[in-house]
Amino acid sequence: MGEAVNSSPSSRCYQRFSETSLDFVEGGATFEHAVTETGFGRFHYGLMALCGLVYLDTAMGITILSFVLPAAQCDFDMDSPKKGWLNAAPMLGMVLGSYFWGCLADTRGRRVVLIATLVMDGVCGLASSISQYYGVFMFLRFLNGFAITGAMGIVFPYLGEFQPTKYREKILCWMEVFWTCGIILLPGIAWLTISLPFRYETEGFIFGSWQLFVAVCALPSLVVAAWLSVYPESPKFLLECGEYEEALEILQEMFHRNTGRPKSEYSVKSLREPRSRAMSVVSTTSRASVKSLRSIRTPKDIKLLVEEVWDQTKQLCRPPHRYYTVLTCLIQFGLTTSYYTLMMWFPELFDRFEYFSQEHPGETASVCDVSGAALGEPSTDCPNHIDDQVFLHTLIVGLACIPTSFWLPLCVHRLGAKFFLVFSLVVSGMVAVGLYFVTNSTQNLVLSCIFEALTSLGISTVYCVMVDLFPTNLRVMAAALSLTFGRGGALFGNLVFSYLIDINCVLPIALFAALLFVSGGLCLLLPNTGKGEID
């Protein structure tokens, strides 16, 4: 009868966790020692390439609409406010999706949830490419945002939990290179597809070059999801769940793939939690019970899941985690609001500069003047194409990120992640102020390059820092909560920018610059990270 009373998934996992942890605390290796003994080689390089491609895919998925806006404006009859709402749709999806996926990843596992987000993103992307109506297209891009934010929030913790302390911070910082590759690839793909003289029309159905571009950009998510299916769950997550044997098997496989030696030669034969963590019965119970819900079959399981997620959310809002939770949420809000708003609108601004230079050859004008001219002198022709200079300028912006993307991983141990955060945010704030003073497309291009290089550097560094700030059972949920604040800011920023760019563009530029300066100041309050093993 005792078993019947304690038959819930939570109690079963706690019972298993309690029995096994007593055995392993007395003997066996800590996770840090065990993962270090696997070596560092082929498995880690393959995993970094895979996670890097996930991050590359998120870079493309988040900024894809920056090329759709000018290319599809005729098909969907879009003015600036309509473009702003279309830009805001995936951001709203990100706001709602960030915490949803974070909760699942901290209860069901990193790998399975990561695969689900990528599949959903790919399927919705393909569906949006054949959408014929503005409303339907906007809804599908909302679902894309809902999915892709999960991948972005999970991939850093997933990759970091396979790394020994010696390599973790540097490996996570190398992810910035993949983001840069995504920023470079997107305009290249857009140039190759949107510039094609291709347009298939029948009664009630149109499929043009920009729709082909959307379809092509959806395919990488499905390919990466298939590749991820052959990789294991995070052994750190499994250890938190009390599944020592499964975690040990994964570590043995890592050892085998890194060294080429038989699994039997792996020196670690059993695992244990650090003694400081094993002594906390309340913490152990909470971690174990929530990790048990990897198989949800009944309404009672769902209720238990909701209760455990709420309990972990309250943990994030209580000491000792509350301080870093609030701090990272505020930093993400300021950084992401400015970054995603301006990056989504840069191709549009380039397009307006090209329009102005054609209509007023030899004249100079500010961003605000150019936007006003584009509003006051609408073209009667609607060719559904983007000037080649727009693709070239956006490609150059991506290429400008290469130096900083290598600077971060090569110097992060020497300068510290906090230095990169403060530097990137403060200088990018200065650049945002400078956007008001540009008088031609060349100046706009130079400042856009510096802005993209520094703010994307800051985005990646925030994720790296958060891996160290929070324990395993709260890591993805903390990242997801900060992402929710960041995407909420991006939603707000895109709507504000779309309405003010044609009326008074000084206000959004001043707002974004102020947010970057404030975020840079808040980064000074963060601790130095990357020196100790993750909790």
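Including glycine, each Cβ sits where the backbone N, Cα and C put it.
If you check TrEMBL, you get these features:
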| type | residues | note |
| --- | --- | --- |
| TRANSMEM | 47-72 | transmembrane segment |
| DOMAIN | 47-531 | domain 'Major facilitator superfamily (MFS) profile' |
| TRANSMEM | 84-105 | transmembrane segment |
| TRANSMEM | 112-130 | transmembrane segment |
| TRANSMEM | 136-159 | transmembrane segment |
| TRANSMEM | 171-194 | transmembrane segment |
| TRANSMEM | 206-228 | transmembrane segment |
| TRANSMEM | 323-346 | transmembrane segment |
| TRANSMEM | 390-412 | transmembrane segment |
| TRANSMEM | 419-439 | transmembrane segment |
| TRANSMEM | 445-466 | transmembrane segment |
| TRANSMEM | 478-501 | transmembrane segment |
| TRANSMEM | 507-526 | transmembrane segment |
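Sequence-distant neighbours of the transmembrane segment (206-228) (same chain, 6+ residues past either end, Cβ-Cβ under 8 Å): 50, 53-54, 56-57, 60-61, 64, 67-68, 71-72, 75, 111, 114-115, 118-119, 121-126, 128-130, 132, 148, 186, 189-190, 193-200, 384-385. Counting Cβ pairs under 8 Å that are 6 or more residues apart, the transmembrane segment (112-130) and the transmembrane segment (445-466) reach fewer than 3 and are not in contact.
Long-range neighbours of the transmembrane segment (136-159) within the same chain, counting only residues 6 or more positions beyond its ends whose Cβ lies under 8 Å from a Cβ of the stretch, are 47-48, 51, 54-55, 57-58, 61-62, 65, 76, 85-86, 89-94, 96-98, 100-102, 104-105, 110-111, 113-114, 116-118, 120-121, 124-125, 127-128, 171-172, 175, 221, 234, 463-464, 466-467, 475-476, 479-480, 483, 487. Among residues of the same chain six or more beyond the transmembrane segment (171-194), those with a C-beta under 8 A of the stretch's C-beta atoms are 44, 48, 51-53, 55-60, 63-64, 67, 71, 155-156, 159-160, 163, 209-210, 212-213, 216-217, 347, 385-386, 388, 391-392, 394-395, 397-399, 401-402, 404-406, 408-409, 412, 417, 452, 456-457, 459-461, 463-464, 467. The stretch from 47-72, 84-105, 419-439, 478-501, 507-526 that makes the most Cβ contacts under 8 Å with the transmembrane segment (445-466) is 419-439. Of the ranges 47-72, 390-412, 419-439, the one with the most Cβ pairs under 8 Å to the transmembrane segment (507-526) is 419-439.
The stretch in closest packing with the transmembrane segment (419-439), judged by the count of Cβ pairs under 8 Å and taken from 47-72, 323-346, 390-412, 478-501, is 323-346. With a cut-off of 8 Å between Cβ atoms, the residues of this chain six or more beyond the transmembrane segment (390-412) that come close are 66-67, 70, 169-171, 173-174, 176-177, 179-180, 183-188, 190-191, 194-195, 346-347, 350-351, 354, 420, 424, 441, 445, 448-450, 452-454, 456-457, 460-461, 464, 530. For the domain 'Major facilitator superfamily (MFS) profile' (47-531), the model's pLDDT averages out at 81.
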